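A short write-up of the structure that comes next.
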């Protein structure tokens, strides 16, 4: 069994994308492969079939490997709930919340979970394709590292180092990162990959020759900048949009400090009839057809932030003029009358007034609800699938007019009597073409084009595998993967 690890010189260097590409490339070679990320810090997460929580990037990588997502693919997930602390999720389950200093001491325990998951995957698959986190050259984080070289040393695996040339300084990034590694760690780096290159490769070649001579390590390949590649972002919000049709629906999403699962909006960003705008701090909410209140890892503090930016008033004005409002998960909770956090799960214990737009209240409880679901969106009786990730238990008369009827017999969410407001706990509801079309019609778009988001993602995964085949040294990759 072989393990190959991809590490990056910086965050967003292309690690997630490269692991996705390599997984599909190996599948094309007839080799079963499992993706793996020892430790992930992200507010975008997915739910596995067994009801665990992992990073969404690993769920996409699982799709590339033709596998169902599993908690062993991301044994440690950190979900920030403040500027200095995170909820710690081990093997898909939240075990505690702690600040960065406490977590540094906790890493020895987390490493046990990491190695156990890797061992299980190694027994089940010929190749385990590993994604590092951030950069291996973060000197302050070297002690007790479980995400990069600490893991590579523990399992004795080779490493490829990827850097983003589009940011500039690619040779400094690669050489500097290598110089900051220990001799044994340097020996693990078997080659470099340069990502997002634009222009004539002949102009880059002298630099590649210098890099190989300077380090004694090969350049495995240069990946081109791909303009219209749209895979789910792991961290930052992807604001790119495709060209839009003449008739568009204007959708606005206020960006909250603890926004979670903003990948919910990727299908809208890619829809030819939707003009999706993210509104940041200090910006007014512009005229729109639909305002969506997103998920949040800290609902009460994000409610306070929403009010401080004047967005509560903007939502009320939007409704007076006939606009539609949709709340997803934490956004659903904000639509109600009260949000109670008696245990201090998302910050200081206490209660906050909601927006008071729907007649229910929410209490945060220790046991998190994690499940993949299917059902019918009661708008047009449209089929919908999605996933629940929430600690809130919502009760009240407003739930009698549900938004979704689930196949397991439960109802979900609520609608206002006048039909202007809808809330649901379901993440990913726009990924189902029928539900997306129904929601866009509800928001005011008359002639809706159906878009198959899953087919778009599959197309992009195939394109990534083409890039591996056409731009990387596949013989060296075969050698490193032991195939």
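Each residue, glycine too, has its Cβ placed from N, Cα and C.
Sequence annotations record features per position, and here Swiss-Prot assigns active site, nucleophile to 329. The feature active site is assigned by Swiss-Prot to 427. Annotation source Swiss-Prot lists domain 'GATase cobBQ-type' at 248-435.
Residue 329 (active site, nucleophile) carries neither a helix nor a strand DSSP state and counts as coil.
When averaged over the domain 'GATase cobBQ-type' (248-435), pLDDT in the model lands at 97.
Around the Cβ of residue 427 (active site), the same chain contributes 261, 264, 295, 328, 329, 386, 387, 388, 389, each under 8 angstroms and 6 or more positions distant in sequence. In the three-state DSSP assignment, the secondary structure recorded for residue 427 (active site) is strand.
All chains included, 28 other C-beta atoms sit within 10 angstroms of the C-beta of residue 329 (active site, nucleophile).
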